[in-house]
Amino acid sequence: MASNDLKTWVSDKLMMLLGYSQAAVVNYLIAMAKKTKSPTELVGELVDYGFSSSGDTRSFAEEIFARVPRKTAGVNLYQKHEAEAAMLVRKQKTYALLDADDDEDEVVVEKKSSVSESRKSDKGKKRFRKKSGQSDESDGEVAVREDSRHVRRKVSEEDDGSESEEERVRDQKEREELEQHLKDRDTARTRKLTEQTLSKKEKEEAVRRANALEKDDLYSLRKVSRQEYLKKREQKKLDELRDEIEDEQYLFGGEKLTETELREFRYKKELYDLVKKRTQDEDNVEEYRIPDAYDQEGGVDQEKRFSVAVQRYRDLDSTEKMNPFAEQEAWEDHQIGKATLKFGAKNKQASDDYQFVFEDQINFIKESVMAGENYEDAMDAKQKSQDLAEKTALEELQEVRRSLPIYTYRDQLLKAVEEHQVLVIVGDTGSGKTTQIPQYLHEAGYTKRGKVGCTQPRRVAAMSVAARVAQEMGVKLGHEVGYSIRFEDCTSDKTVLKYMTDGMLLRELLGEPDLASYSVVIVDEAHERTLSTDILFGLVKDIARFRPDLKLLISSATMDAEKFSDYFDTAPIFSFPGRRYPVEINYTSAPEADYMDAAIVTILTIHVREPLGDILVFFTGQEEIETAEEILKHRIRGLGTKIRELIICPIYANLPSELQAKIFEPTPEGARKVVLATNIAETSLTIDGIKYVVDPGFSKMKSYNPRTGMESLLITPISKASATQRAGRAGRTSPGKCYRLYTAFNYNNDLEENTVPEVQRTNLASVVLALKSLGIHDLINFDFMDPPPAEALVKSLELLFALGALNKLGELTKAGRRMAEFPLDPMLSKMIVVSDKYKCSDEIISIAAMLSIGGSIFYRPKDKQVHADNARMNFHTGNVGDHIALLKVYSSWKETNFSTQWCYENYIQVRSMKRARDIRDQLEGLLERVEIDISSNLNELDSVRKSIVAGFFPHTAKLQKNGSYRTVKHPQTVHIHPNSGLSQVLPRWVVYHELVLTSKEYMRQVTELKPEWLIELAPHYYQLKDVEDAASKKMPKGAGKAAM
């Protein structure tokens, strides 16, 4: 009986070939394919039945012939070996095998000599004892049986090598087929987010029609169809009632009607008026509409602006008169407006009378002044700003472009690009390198033969810069100018200037190793030396040698350009001065114990005492920024209207795009803006109006120990180069000040000169997998600018081999090629690939998405910590483990239709959940790309746990007598993180997501496992002695029950 999948496939093919399909025809074709002996014979029979003799019919016959199951005669391997051995013995009576040195496969035989026969017989006599009456045939049978054992042993040894080689070749062939399928899918799916697509109604209709064949959706489709019909029926009946009233008025207008007829007519009319009024009330919804600030000529529509002033004096129209509560609602709005707390709007000059004195204010010492360079005086800058205010928005943008320092060197830059294939460009931050160079290349005609790609180390920078360039060019974002980041592709076929993260360009190299669609590649912010940037250096260097027509520009904001030049074969350096105003550097007189509190106090002191000008503060991450924002709002609220308005604008990677754009909005007159940023604001973003910089002197850096496999995100002191970059932010538009929350002694003696490249301090497993996918196998000799530790590379190769991504020759397997498609850690990718075997891929991608967003899912307000902990533990009911708890969180949120209120009630960060949903949607699309079916097995949680263990089996630990855990491989004492749901249960065996180093070595995201699973899922990694659980050993009190 053919499987359902085969029947569905044949049915689809019949629809394509003939235009119809029936179950009987499908079964008949499958039976016919089973009976035929070759595809050619099947083609002949199909043509006889009416199929066209075309290539489509031939390919259909070949595919169905290959797909249908066939009956094969079972062969007894033992009998086969017995027969082969008997044949060899018979041949050996006349032939003997001689050793041949030239080829293993060639065997030279010749006649046996009498001496060899006599020796053979002698040996036979010694080996076998004849019984009385035993015939020669019995001796022959014994000899055959003995020789057959020898032959089987020899054949099995040869088969082990040949089977492993055949398996390797088969796996390589399957991997090549998978890569070809991926390329075909990419070619077929050319539509992007910004292309001209169907309307919303057409999309909904297309989706509804596509799902119409799904039996599970039939009920919901019927329900939706009935609801839509009721809406149409309501409007239809309303029109019929109106027509009926009009007809009766026309026909019986002058006639005398009875009382019953009059009552019925009045009833119809009242009913129609009520329904009509309700419809008008529903249509009259109060909503905000984005105002059009400028007309087509670029000027302000003054009449529209001043029409608001006379709004209260105009007469009400007919629709407003129908609202009897309009006056009441207006009065309520007025009263609510008076009762609303407002502060900062009066703009009192309180500093003229007195100054605030903060109890915990900090004493700063003016140490030095950073000299300015190529800057304008205050009068010229003020006159230029007045001139810009009189121009239209488009003229203002063009004038700003011409005022950038790089504009003076435009022609020289284009000439240098034309004369040299590789060019190193050096210019200060804010000089216009990122926004202007791609536009200059576009204007010079480089985009006629390919795109101009510009990489950025951060997602926020790629999005904001692309939006700015699109605005300057006067085009819509996503058309001529677009961006591509990890979970968003805002490009189209029209895109010629493409901004992207360096990681996205690495992923593009998987499908296009020679970057054939690009004419120019710009590696921007090269001085940051991120992991992806260092890998790109080696790849684009080889591509530039292979493609002489490709232009390669390396852009940096620091003067350490000689190193880049030497790496790229002594490439020429094009440097130009920026515009930098003098910056006063202030250090604290004594070290600060709490840099968070010191930063808050410094912000308030600047806001109260210093002249107007925006403030930029550097923090290490999102958590610190949100904490500082909360404290600032609380303290400002206490000061009320005594101080000017302070606008707080955070900026970090996970912040939504609309909130990120607020940092670029001009500050209202009389107010001050404070930007709370990560180190993204050092070089990637340029914010106008910044006059004061507060530098705590710390940043978050990844640190990886290849021996223990522990990767931690540590808060570490910045380098002197980063400190200089941060101080330079204050001198962009006017003379400024930088407040460093550390002493001058710390700066001179404790800070490193430059930041350690990320490639030397992070886990390289995903990078090694990406390079292997690109066909780069000699990783030790890969052309790194700063080579990573050899031990880290070896550990990464060992991990990938253990995960099955590499074979014993170091070649990429089909599973490894699938894993490379997922933008995740290799162990997470392996977990997803294995989930296809256990039919739980739907649950696993939800867990992977939740793990990818880190530990920012639950939050604990200081005043409601007990409630938050109880809400979190509700998801751990039954000691299911942290992974299953994350799955419960996402599933529960999905069941509430992604409710924001549900997140508030359960103390879950809705922003993190939305990001997890975006990640999951992308992973779901990648499942189809790598040919993995989406399946669900929520009732069988052991299948989910086995998939987790299959990906994270190197991360296992066993409970010790003292209540701590010991990792099985590379023994190390670790503990379950206090936030884990199993921190009090203490199971005997656990698998963990990652190790983090805080006050102790903690395991995060822990799930219980059965030790026998390790032998089942990773027999190549674990032996029986590794997982033997001595049940007789005494465990600590309160230890968890045995593994499930």
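Any Cβ shown, glycine's included, is placed from N, Cα and C.
For the annotation phosphoserine, the record in Swiss-Prot points to S138 among the listed residues S54, S138, S156. Note on Swiss-Prot: of 208-211, 348-351, 360-363, 524-527, the range annotated with the feature motif 'DEAH box' is 524-527. Swiss-Prot gives the label phosphoserine to one of S121, S135, S162, namely S135. Within 8 Å of the centroid defined by the CB atoms of G427, D428, T429, G430, S431, G432, K433, T434, the record's ATP site, lie the Cβ atoms of L404, P405, I406, A557, G578, T686, excluding the listed residues themselves. In the structure shown, the C-beta of T434 has more C-beta neighbours within 10 angstroms than that of any other entry among the binding-site residues T429, S431, T434.
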